[in-house]
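Engineer: One structure follows; several queries about it will come next.
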Amino acid sequence: MAMAAASWASSSSFTRFLRPLLSRNSSPSPISYSLHRYKSANCLFFSASSNKPPKLAVYAQARRVLSSKTKGDEIATPADLSFVVPLKIVEYPDPILRAKNKRIDNFDANLKKLVDEMFDIMYKTDGIGLSAPQVGMNVQLMVFNAAGERGEGEEIVLVNPRVSRYSRRIIPYEEGCLSFPMIHGDVKRPESVKVDAQDINGTRFEISLSALPARVFQHEFDHLQGVLFFDKMTDEVLDTIREKLVALEKKYEDRTGLPTPESINTRKIKKAAVGFGKS
């Protein structure tokens, strides 16, 4: 498993395929991910397949768990879960991306419809992962499919997810985000995570993810915490995308007639003021 993860991180051909990570690009050697359930082992197995020998094998063990609600979580109302079709991607610096996301407590046909619509817009915008706040819904819900193609791989839905464990090994990798069109940068993340969540029917389960699925999950989970991927970039990486972030802030002001709710340049000044800026 460690060798497979190392191959995933270091292989140049595989790197080109996955870049930008959360905004799919075409590749002459497509790799698809499938999720298989083995009843005897009660586990899930992500595997990579392509015209070349597989470079990634990710094992994810899942089991039913009983878990109480997280204290202090506000419960989403029917109004919080109402939406208009088609969904639209919310772009930085819209304050929706920073707002607190409410816990889902109603697992009905409306939620299933929302999930379907999220997958639909995700595929149409060439994404492999999407969180509810990215479509204007401040609730704790994410969807992803590492294959990035409808009918391929496996569609994963996580409701009210919580991380119970992160691996100690940290891996840097270039990411993109549907809320930041044409912007990519290196982000360091743990190689694997253990997650407690609910499925579309409200059933709780625990799952361990590694490599690509773990990274996609962490990116989307950050969204549910109001954290954006550039928040975790080094100053050096951030400087390479600063002008594009400023352009998105200007686009927001032009579209809404409102001042930008946050400024990447102000953020840099504040960091410097408390001793974390560049010398």
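Glycine is treated like the rest: Cβ placed from N, Cα and C.
What you see is a predicted model, and the numbers here were worked out from it, not measured in a lab.
Got these off Swiss-Prot a minute ago, pasting:
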type: BINDING; residues: Cys177, His219, His223; note: Fe cation binding site
type: ACT_SITE; residues: Glu220; note: active site
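Any idea what these are sitting next to in the structure?
Structural biologist: In sequence order, Leu97, Ser131, Pro133, Gln134, Met142, Ser179 are the residues near His223 (Fe cation binding site), counting only same-chain partners six or more apart with C-beta under 8 A.
In the shown protein chains, 25 other C-beta atoms lie within 10 A of the C-beta of Glu220 (active site).
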Engineer: Let's check the environment of Cys177 (Fe cation binding site): how many other CB atoms sit within 10 Å of its CB?
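Structural biologist: Counting Cβ neighbours of Cys177 (Fe cation binding site) within 10 Å gives 30.
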Engineer: If one measures from the C-alpha of Glu220 (active site) to the C-alpha of Cys177 (Fe cation binding site), what distance in angstrom results, rounded to a whole number?
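Structural biologist: Their Cα atoms are separated by 9 Å.
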